[in-house]
Amino acid sequence: MALSRGLRCCQRVFSWIPVLIIAAVMLWSYYAYVFELCLFTLTNTLEKVAYLLVFHVCFVMFSWTYWKSIFTPPASPCKKFQLSYSDKQRYEFEERPDAQKQILVEIAKKLPIFSRAHSGAIRFCDRCQVLKPDRCHHCSVCETCVLKMDHHCPWVNNCVGFANYKFFLLFLAYSMVYCVFIAATVFQYFLKFWVGDLPNGPAKFHVLFLMFVALMFFVSLMFLFGYHCWLVSKNRSTLEAFTAPVFVSGPDRNGFNVGIRRNLQQVFGEDRRLWFIPVFTGQGNGHYFPLKNRSSESRNPLLANEDLWEESDDGSEGSLVEDHDPSVTIEMEE
C-alpha cells in the first residue's frame, strides 16, 4: 500500500514536467523578446513601443488561456448519476449478476442516457460507481469520469473535457498568434544578425533561437489546432473520432452533429463577443447533448429539455422517467 502511494505521488510530481517545460519556454521567450530584442536591439522608439504593446497583449492572452486549461477541472457527473447509498447497498448485497443489472436499469430510467456500450449495454463505471452520461469517459490518469472527455493532455496536466475544452482551443489559437507575431517581428533582425549587419552579442543567440522556436511551435500547433477545429465543426471529441459513439440504432460518428452553427454554440455559446475570451460560455451542463437523430429523444419529450431534470435550487432530485427498454443490460467498465 505504501509503495503504491509512493508511486502515485511520484507520478503526480513527474506529470508537471511538461507544464514546467512550457512555462520555461514562455518565460525565456518573454525575456528574449522584451529585453534582448526590444530594449537592447531596437533603436526606433515608436517601433519599440508598438512591438511591446502588441506582444504583451498576445502574451497575456496566451498565459491566461494556458492557466485556464491547466487549472479548470473538466467536470465530472453530478450526483444524479451516482448510486445513492440505498442503491449502492442493494447493488453490493445482491449476489445475482442479473439482479444487479436490473437495479442499475431501474436507476437509468430516470436519466437522459442515449449512448450505449459496444455490446448495446448501458455504460456503467465500476470505479466511480456512476452511470456514464453521454460522451462521458473514465480517465485512468485523473482517476475520475470526465464529462464530454476529449483526451488527457500531458502539456496541461489535465483532462480536456466539457468545462475546459473552450479554454484548450483558445490556448492553441493564442499560442499560434503568439508564435506568428514573434516570427513576423523578429524576422528582419534574424536576417541582420545572420548576415552580420548587427554586432555579435547575447541578443544574437536569443533572436536566432526565438525565430526557430516560434516557427517550430507554430507548425506543430497549426496541425493540432486545425484538427480540433474540424472536430468542433463535426461535434466530435478526439475519442469519438477514433471510436464512434454507439446508440440504440448502432454506431454513429455523426450522432451529436447538429450543424456547424449549433456545434460551435455548444462550445463557445451564443454571444460571439465572448468567443475569444477565456470564460466559460458553453451550452448545457455536460450531462445531456442534442442528438442528430432526435427519434430517441422523442420517445420521452420531457428529457428533450435538460432543464427539467437538472437539480433544483434546494438540491432535490427530479423524478422524470424515460421509457428505456427493460431488456437492456448494464456493462461494468473498468
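Glycine too: its Cβ is placed from the backbone N, Cα and C atoms.
All TrEMBL annotations are machine predictions without curation.
Feature annotations, courtesy of TrEMBL:
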COMPBIAS  307-316  compositional bias 'Acidic residues'
DOMAIN    122-242  domain 'Palmitoyltransferase DHHC'
REGION    306-334  region 'Disordered'
TRANSMEM  12-33  transmembrane segment
TRANSMEM  49-67  transmembrane segment
TRANSMEM  167-191  transmembrane segment
TRANSMEM  203-227  transmembrane segment
Item to check | Cβ pairs under 8 Å between the transmembrane segment (203-227) and the transmembrane segment (49-67), at least three | outcome: no
Checklist entry - What is the number of residues in the domain 'Palmitoyltransferase DHHC' (122-242) that are helix, strand and coil, as DSSP sees it? => result 69 helix, 18 strand, 34 coil
Checklist entry - Across the domain 'Palmitoyltransferase DHHC' (122-242), what does the pLDDT come to on average, as a whole number? => result 93
